[in-house]
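S.K.: According to Swiss-Prot, the domain 'SSD' annotation covers 394-552. Swiss-Prot lists N370, N812 with the feature N-linked glycosylation site. If you look up Swiss-Prot, you'll see 1-57, 415-428, 479-501, 553-686, 985-991, 1035-1064, 1108-1182 marked as topological domain 'Cytoplasmic'. Residues or ranges marked as topological domain 'Extracellular' in Swiss-Prot: 79-394, 450-457, 523-531, 708-963. Per Swiss-Prot, the feature transmembrane segment maps to 58-78, 395-414, 429-449, 458-478, 502-522, 532-552, 687-707, 964-984, 992-1012, 1014-1034, 1065-1085, 1087-1107; the stated evidence is sequence analysis.
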Amino acid sequence: MVRPLSLGELPPSYTPPARSSAPHILAGSLQAPLWLRAYFQGLLFSLGCRIQKHCGKVLFLGLVAFGALALGLRVAVIETDLEQLWVEVGSRVSQELHYTKEKLGEEAAYTSQMLIQTAHQEGGNVLTPEALDLHLQAALTASKVQVSLYGKSWDLNKICYKSGVPLIENGMIERMIEKLFPCVILTPLDCFWEGAKLQGGSAYLPGRPDIQWTNLDPQQLLEELGPFASLEGFRELLDKAQVGQAYVGRPCLDPDDPHCPPSAPNRHSRQAPNVAQELSGGCHGFSHKFMHWQEELLLGGTARDLQGQLLRAEALQSTFLLMSPRQLYEHFRGDYQTHDIGWSEEQASMVLQAWQRRFVQLAQEALPANASQQIHAFSSTTLDDILRAFSEVSTTRVVGGYLLMLAYACVTMLRWDCAQSQGAVGLAGVLLVALAVASGLGLCALLGITFNAATTQVLPFLALGIGVDDIFLLAHAFTKAPPDTPLPERMGECLRSTGTSVALTSVNNMVAFFMAALVPIPALRAFSLQAAIVVGCNFAAVMLVFPAILSLDLRRRHRQRLDVLCCFSSPCSAQVIQMLPQELGDRAVPVGIAHLTATVQAFTHCEASSQHVVTILPPQAHLLSPASDPLGSELYSPGGSTRDLLSQEEGTGPQAACRPLLCAHWTLAHFARYQFAPLLLQTRAKALVLLFFGALLGLSLYGATLVQDGLALTDVVPRGTKEHAFLSAQLRYFSLYEVALVTQGGFDYAHSQRALFDLHQRFSSLKAVLPPPATQAPRTWLHYYRSWLQGIQAAFDQDWASGRITCHSYRNGSEDGALAYKLLIQTGNAQEPLDFSQLTTRKLVDKEGLIPPELFYMGLTVWVSSDPLGLAASQANFYPPPPEWLHDKYDTTGENLRIPAAQPLEFAQFPFLLHGLQKTADFVEAIEGARAACTEAGQAGVHAYPSGSPFLFWEQYLGLRRCFLLAVCILLVCTFLVCALLLLSPWTAGLIVLVLAMMTVELFGIMGFLGIKLSAIPVVILVASIGIGVEFTVHVALGFLTSHGSRNLRAASALEQTFAPVTDGAVSTLLGLLMLAGSNFDFIIRYFFVVLTVLTLLGLLHGLLLLPVLLSILGPPPQVVQVYKESPQTLNSAAPQRGGLRWDRPPTLPQSFARVTTSMTVALHPPPLPGAYVHPASEEPT
């Protein structure tokens, strides 16, 4: 056994290095980058020293500033309007939407409430009288809903949408029609008499029972009222609408119902109807001509035989249409029912919302639990409620997440030595990050950036995880500062060593989120901007306020106070003799591979007069062979970490009696230095790492081909809820969307009729457009208008031929003949407006099916005023609206003959139904076809665009991938520039960007394997992943650049320095994300928790496995090298007086160094801080 050497036996020519020895630039290195680095680090050093000097003031002012910004949350606005959240900013869709609102206003024509009925058993048939009876029960319960608001009772008949209520000159008949006119309800029950039960209107006539649709025969009623009133015009209106006997002429589902009318086809036979046969082809409302509900709107999951006959269906759907808030407000404005409540549009909206919520509730409870069928109810208010609940801040999850992070930070930073522990720093750091997040969001509110679901559900946790990373980094670096650093410079030294890393990560994160704002979806643009601002506030808090907290904690540690409970002194504070390097004298240690360990044997005893433990450090030392060094002497260069106090435990027997416990020095840094780095940097391990990541990249490239576009509404709604069940059933059975083809102004409609017909034909031929029945004309205003003109032309021709209409009189003709007479004599010339010679020389519609241009706008005025049902069915929504014009056949004055022309149209629309849209590819195909049709029409001079929810929410997918690639490329370039500027090494910046690009590709591929579809939300996360990935890579890269020696040595040193803070940062991010897993929304779990968790794990693997291996193989040369001042004797060979260790300098390692390590066992504690009390050594024997 080799006898330990005394200090006097050290090699004679060793000169200890000065602490402030300046770094020397390597040969061939650029001096400008190093000067810039030195200048930047000098600024950080100065900042840290100033903050430490005025830590109390900085902390107070910082908390006040951040607290003031956090008050901005009081003015935060949460946006839940889908159009405001998802329509692309500045896109053609937003411009088209603006044009529509400019012409028609904010509100749609009506709102929809839907009931879907399916069998409990999968695939069960609903085309049975029993199933229809259950549907009637649910629909009837829903239609009888009443709510009381503002002292009034509101039922369906008051708030429902009524299509084309005609104006009748007879006051009594007009009031009766107003009360009786049916609501628009699209239901399969309209094929039967029971559909009348859903209509709640009633009227009273003397001598008759209450008139309701269940007992109303319009033909019989007109015959009874004929002798008492002139109803010829009203009769013609009903005949044109093909009302017939209305509901009383339809079969009864239950022919045994005592109220089933005698006119029902199966009333006398008492036979149940053939439900499949009756529903085949759809149903009609009270008007057979204008109210045809196509089969696809009523039945889902249908099956047919070989002849095309309907056999069965799996779902039924009924749709109740309500007025919009504006329509309801206008309808009751000035009415006697609302004159005393200050009627407003907001009140109208509240009435509709209350009725819709009650509608959904009662409909879902209508059927008994043991029924064979189930009802799914939904309304537009339900969707708003979902979005509102989706956007609410979950206080429980926020508080739980932050408490979990507080606990983790406190436990992670606790140490055995109370004076060295940093639990309070961890608590204060997390609370500071929470305040920074609140202040960032408050600043966003003050800047007018609206909040949305992503802001409230995701950002608090994501920002917490990212912000705490830098807290761990600074705290870790602060405890590992060189022990001989003067006390006033501790904070400056900490910022000088870690400020660059913090700046790099924060700037890259901000740039990443700002680049993510390139995605033109308002909700995600707001989220990206808010995230960037929050990261900026975190950066300011970490760089300015947190150093003040560390400085205060330094004072506590210097005074040997307890952690957390800083008012109490530490019971385990030690008094230690501080052994300075100068005590070694001017002796020099030759440079070689040998590991020089100066082991100071420490003995402790407790003084009788004090409770303090006194440590005596006798001057002894010995040399040991470094057999336990995993990487050889190369790992322990002066450029490496100086955190190996307590790492040497030489000696046996009584000298080892005070050896510390293993758990006292086993840390992540210890693991990285002694286990992880030696294993990772072996040649075979490097090959395995490169092979693994190459295979992962290859699999990810394949997975990227599996990623589909899309985001279904079912992904947003919580699973297991009734709303999710409805949306799933609707997507499966009734994937129908109402759209419109809008024609704008800027062209002459009268001379472009052929182009309009061609446009309609091209649009109708699209695969996704549901064609009308073969027996029904297209449902557009231009077709209805032309058909109406042809009808009155035929009536005129008949009256002219019979002599009831002559050149000078039309009083004996029919109502339609008289209208045609007035139109035919119009010239359109203001000087000579009438020309009676045209009665026989012109037609209202020519042989080509076109309306004469000079008659077009005057005929439009007459049609709008005379055919309200046709106008309502066409959904034309003319702007400017044609003027009102009343026709009186018996008024033959010249003024009555003149017809005012409508103003040139600036807005009109053709309605269509799209069906079969299940996947995003189906939507994209339909959108592209519609856009192509509009482009072709534009070449013919017709300005048109498609409108509807598919174009609002799915058109983003046309350019989403291009936008994604553009944002990623721009961000990678920006990341390269930022890293190259702050690291002053384009070589290193290139390696970082390579790793980040690999992470993005791999995350995209893993999304494909997980079945996560690509929408604007994953695009934001993918773009932001580049910035977040910098957290895991730049620390290792910076540690590699600032280390000395070979690539392996510098990679090991970088891992030792950064393994702990990077791991702590990843764990803190995962803890922040963990609270997202408790969300009620699968959307949050799948698209945020899963994706961000995968991103964090990928970042950890790439930062601690791939990047060190790449740096050890392809890393840039060191920028600086620390050179010790040595005497010439150091370079000569020498041998110790005792023992077999050689001090030869190996020729292959010209820059090898000896390392002097102070190891001592002081009640499990490292040496004290600079300036600690030093007790004089006693003469206690060894």
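Backbone N, Cα and C atoms are what each Cβ position is placed from, and that goes for glycine too.
Buried or exposed, and what's around them? Tell me for each listed feature.
M.R.: Under the three-state DSSP scheme, N370 (N-linked glycosylation site) falls in the coil class. Within the same chain, no residue at least 6 positions away in sequence has its Cβ under 8 Å from that of N370 (N-linked glycosylation site).
Secondary structure at N812 (N-linked glycosylation site), as computed by DSSP, is coil.
Distant neighbours of the topological domain 'Extracellular' (450-457): 76-80, 84-85, 387, 390-394, 441, 444, 523-524, 526-527, 530, 1017, 1076, 1079, 1081, 1084, 1088; these residues of the same chain sit at least 6 beyond its ends, with a Cβ under 8 Å from one of its Cβ atoms.
Averaged over the topological domain 'Cytoplasmic' (479-501), the predicted model reaches a pLDDT of 82.
Mapped onto DSSP classes, the topological domain 'Cytoplasmic' (985-991) shows 6 helix, 0 strand, 1 coil.
Nonlocal intrachain contacts for the transmembrane segment (58-78), taken as residues 6+ away from its ends with a CB within less than 8 angstroms of a stretch CB, comprise 51, 388, 391, 435-436, 438-446, 450-452, 455-456, 537, 541, 544-545, 547-549, 552.
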S.K.: Around N812 (N-linked glycosylation site), which residues of its chain at least 6 apart sit with Cβ under 8 Å of its Cβ?
M.R.: D799, R804, I805
S.K.: Under an 8 Å Cβ to Cβ limit, what residues of the same chain, 6 or more beyond the ends of the transmembrane segment (1087-1107), are close to it?
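M.R.: Residues 457-458, 462, 465, 680, 689-690, 693, 715, 991-992, 995, 998-999, 1002-1003, 1006-1007, 1010, 1012, 1017-1018, 1021, 1025, 1028-1029, 1031-1033, 1035-1037, 1055, 1059, 1062-1063, 1066, 1069-1070, 1073, 1076-1077, 1079 contact the transmembrane segment (1087-1107) from elsewhere in the chain.
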S.K.: Are there residues at least 6 beyond the ends of the transmembrane segment (395-414) whose Cβ is under 8 Å from a Cβ of it, and what are they?
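M.R.: For the transmembrane segment (395-414), the far contacts come to 421-427, 429-431, 434, 460-461, 464, 468, 471-472, 475, 563-564, 1064, 1067-1068, 1071-1072, 1074-1075, 1078-1079.
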S.K.: What residues in the same chain, six or more past the boundaries of the transmembrane segment (992-1012), come closer than 8 Å to it by Cβ-Cβ distance?
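M.R.: Answer is 693, 696-697, 699-707, 968, 972, 975-976, 979, 1018, 1022, 1025-1026, 1029-1030, 1033-1034, 1037, 1086-1087, 1090-1091, 1094-1095, 1098-1099, 1102-1103, 1106-1107, 1110.
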S.K.: Sort out for me which stretch, of 458-478, 502-522, 687-707, has the most Cβ pairs below 8 angstroms to the transmembrane segment (1014-1034).
M.R.: 502-522
S.K.: Hey, which of 458-478, 532-552, 687-707, 964-984 has the most Cβ-Cβ pairs under 8 Å against the transmembrane segment (502-522)?
M.R.: 964-984
